[in-house]
Amino acid sequence: MISKLSWLKRLKDSFTKQPTESESFSRFLIKDSLHKKYLLIATAGIFIQFIVFKLCYPFAGYFTDSYTYIDAAAHNYIISIRPLGYSRFLSLVHRFTTSDTALVFIQYLTIQLGLLYFFFTLRFFFPLRNPISHVLFVFFLCNPLTLYLSNQVSSDALFASVSIIWFTLLIWLIIRPGWTSLLIMAELLYLLFQIRYTALYLPAVAIPAILLCRRNRLFKSSGIILVVAPMYLGMQHIKSLTQKETGTAVFSAFGGWMAANNILQVYPYITVQDKDLPTAECIALNKIVKQYFNTLPASAKPGPDEFLWSDKSPLKTYMYQLEQQKKINGYFRSWHAVAPVFTQYSNTLMLQHPFAFMRYYMGPNTKVFFLPPMECFLSYNEKKNTVDPVAVKWFNYKSDQVTCVNNTFQAGMLAPMRWLCLLSNIFFCGGLLVVLIRAKRYKPSPELLRTLLLAGAFWVVHFCFSIFASSIVLRYQYFPMLICVTFSLILINIFTTHYRNKPASTM
């Protein structure tokens with residue numbers, strides 16, 4: 001009983017006492033010979049792996065999104081189907097070099113530097129046993145998914161690298177909070193929002209971290225404002241620009257299309273009547289949807305993104321009809337014009353049929369969450385040996401031909417990552433519950449406990465967002481998988497340390 005009260009008192013004190021100054025992070029890095037070895041091995045490993053990889057894959061990899069980003073960068077668009085953060089990054093790199101190898105190396109290096117910062121932060125704050133540290137270090141340095149992700153012309157690598165640094169700063173905030181780390185964290189969060197709109201759920205992770213930190217109300221309230229206000233103002237600015245350029249006041253047209261795509265996965269299992277729909281536009285859309293499913297062969301099973309991209313999709317049919325009726329000029333304007341209708345239609349059906357939505361959309365999505373599909377990693381450059389003209393011009397290629405050692409080798413190389421994603425999710429969730437329920441037994445330090453709560457909050461928010469509103473593929477799960485693997489190893493460190501220190505029973 002006394003030990004329980006003592007542990008609870010330490011936990012309470014950790015939330016109320018101001019942090020004390022101790023060893024600096026820079027001194028921590030340079031004083032330990034093991035850290036110097038880590039840095040030397042990391043430096044050599046980064047360059048050796050990259051050189052070998054580029055010998056096998058001389059050109060960057062491309063898929064549909066790649067050309068959208070390059071086109072937006074080449075024409076300096078102020079709005080696009082995708083967020084413009086990555087296109088601005090492409091433009092920045094392009095000012096210095098047109099080499100696709102340089103772009104890939106920058107993407108790879110930023111991820112590796114972020115991982116090193118994350119790794120040494122964990123060692124700085126928590127007493128990780130050397131075997132655990134070694135495994136974590138090797139996983140960070142030698143993860144093949146990092147190379148393949150970095151080789152893609154897409155926002156994934158940049159989003160991952162910034163996310164890693166952002167999450168590391170959250171750890172600093174809850175253990176050793178300061179205005180500098182708070183400001184940088186808020187700036188990185190806004191940058192993540194500019195790169196990918198899925199970052200909209202990240203304030204739900206950042207705000208608990210701010211509330212967990214040991215600072216006064218002014219610091220915490222300022223932090224919450226710094227997290228929320230820029231993203232809200234950014235959304236309004238994008239909405240205003242979109243209305244100016246397309247005539248439709250919408251923040252993300254893609255969000256409307258995605259919502260409609262999701263609800264159409266459920267449509268065969270529900271009954272939709274015109275009288276239950278709120279507007280004439282929704283009724284017109286529903287007639288097209290109903291006709292589509294009435295003529296669809298029973299054996300046909302549309303893919304998870306089928307209704308987004310297929311020209312036979314009822315969403316595309318409705319868009320083309322509206323384009324003719326209202327004489328809308330151009331595909332881009334039409335894409336945006338139908339988005340509000342799709343949002344209203346999908347929200348209406350979801351609210352009217354919540355259990356069907358959970359069963360036929362969220363249920364299958366939950367399975368996919370734990371075992372994400374390979375998607376673009378199934379083959380290099382979508383099994384094509386050419387790239388689009390916009391990429392040829394942007395990277396100053398001599399021709400549109402691209403080559404690699406084998407365009408399907410990566411599928412076999414990365415297949416184990418899906419299973420690692422499954423196992424790390426299961427172990428992390430189970431291990432975290434055990435530690436939280438039996439905290440008195442395992443006695444994690446208050447700082448470690450708050451960090452575990454942060455990781456748990458991230459997992460819950462990411463899981464809910466993914467199964468409810470997002471496509472789930474392996475490249476999107478890269479950063480969440482890093483978190484799960486990392487904290488699974490930290491939980492193993494807690495368990496093994498406890499049993500090593502447990503007194504031997506006496507007869």
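Positions of Cβ are set from backbone N, Cα and C atoms, glycine also.
Under the heading transmembrane segment, TrEMBL lists 38-60, 105-126, 132-150, 157-175, 195-213, 417-439, 451-472, 478-499.
By the Cβ criterion (distance under 8 Å, sequence gap of 6 or more), the transmembrane segment (451-472) is counted as touching the transmembrane segment (195-213), at least 3 such pairs being found.
Among the listed stretches 105-126, 132-150, 195-213, 417-439, 478-499, the one sharing the most Cβ pairs under 8 Å with the transmembrane segment (157-175) is 105-126. Non-local neighbours of the transmembrane segment (105-126) in the same chain are 25, 28-29, 35, 38-39, 42, 46, 50, 93, 133, 136-137, 140-141, 146-147, 149-151, 157-158, 160-162, 164-165, 167-168, 171-172, 175, 445, 447-448, 451, 482, 486, 490, 493; each lies 6+ residues outside the stretch with a CB under 8 Å from one of its CB atoms.
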